[in-house]
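Notes to accompany the following structure.
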Amino acid sequence: MDRRSFIRTAGTMGAAAATAGLAAPAIAQGNITWRMVTTWPKNFPGLGVGAQRLADRITAASGGRLTVQVFSAGELVPPLQSLDAVIDGTAEMSHGAAYYWQNKSPALSFFTGVPYGMTSRELTAWIRYMGGQEIWDEIYDQFGVQGFLSGDTGTQAGGWFRNELTGVSDVQGLRFRTPGLGGRVWEKLGATVTNMAAGEIFQALQSGTLDAAEFVGPYNDLALGFYQVAKNYYFPSFVEPGLATELVVDKAKYQALPDDLQALIKDISQAEYDQVASDFYANDPRALQTLINDHGVNVMQFPEEILQAGAEAAKEIMTGLRESDDPLVKKTAESFIESLNIVRTRSRDTDGAFVQAREKYFTL
């Protein structure tokens, strides 16, 4: 897949042209058209494709009563303004990741992925069965929107680095693209952290504006062509043990829909969460082999010193959030940490123990 086919839609240049002539959401003969804006380039593996498929499934399952029209990154609004587009009424839906909006509330990072936090399965357990969704609703109520899980990448890669890392000293002054609370961890380790949309990262690496960048993992990173400008690919991402994406809808308009259409949106979002997660599990390892065998990428593990320092930084950040003066941030952190300490035992004693045994004893 040609990297440039993704990047052409990832910037902001087409936003004004796409906006021209757009009417308000159409309601004719009982049929409704909603606009979905995304943070992802058009046809982007896993994430962009998942957003389009979610929209298509809603349109088809509703028999056309609710048609969802997708605008990829930069087509209607800049990629990192998709939530604002729903809040201000430019669109009815957005597809992105909650940690992009931590400037609105640091608590939102918990609903995507946090350093040394929950894996994908652990996160869904918290959100669906341990009170996470209710807290998420409280946060988004402040902005008049409703959030649903809509996908997951699983544990991510740690990032692309121009130079090898031998310890924390190599992080000092490193210009690194990485978002969310993970970015705060790398800042504590000495990096200069920035966030930018997917389609902007390659050029920043190529020009030397960035020394390193983390986006998702092999499936997406291969498509974006990072291997052309950096060869050292570090694993695992200790700051993003799972990355959940979200579908956000205008809450008032959502609640005004008939009950069956409300249920349809919720159920299809949940189905898409599982679909996207399976997509990444199937295609990340294939893409990684392509990166190694066809493009000469060096796959490396983070030094123990960096892993340990990252854990200490993560503890500081989590403790600060748990002691926050913001009641919702405090409530979110307390619920997340309490739930993590429950679900991690299942992961350790069952999933983790099995994987260790399989790797040690079983090959075909």
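All residue numbers here begin at 1 and follow the chain in the order shown.
The backbone N, Cα and C atoms fix where each Cβ goes, glycine too.
What TrEMBL records for 1-28 is signal peptide.
According to TrEMBL, the feature substrate binding site maps to Gln156, Arg177, Glu214, Glu240. Secondary structure at Arg177 (substrate binding site), taken from DSSP and collapsed to helix, strand or coil, is strand. Around Arg177 (substrate binding site), the same-chain residues six or more apart in sequence whose CB sits under 8 Å from its CB are Val193, Thr194, Asn195, Met196, Ile201, Ala204, Leu210, Ala212, Ala213, Glu214, Phe215, listed in sequence order.
TrEMBL lists Phe215 with the feature Na(+) binding site. Phe215 (Na(+) binding site) is surrounded by 22 other CB atoms, counting those within 10 A of its CB over all protein chains shown.
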State the count of C-beta atoms found within 10 angstroms of the C-beta of Glu240 (substrate binding site), not counting that atom itself. 28
Three states by DSSP: which one describes Glu240 (substrate binding site)? coil
List the other residues in this chain whose Cβ sits within 8 Å of the Cβ centroid of the substrate site residues Gln156, Arg177, Glu214, Glu240, in sequence order. Ala157, Gly158, Gly159, Thr178, Pro179, Gly182, Ala213, Phe215, Val216, Ser237, Val239
All chains considered, the count of other Cβ atoms within 10 Å of the Cβ of Gln156 (substrate binding site) is 27
Glu214 (substrate binding site) has its Cβ surrounded, within 10 angstroms, by a count of other Cβ atoms equal to 25
According to DSSP, does Phe215 (Na(+) binding site) sit in a helix, a strand, or coil? coil
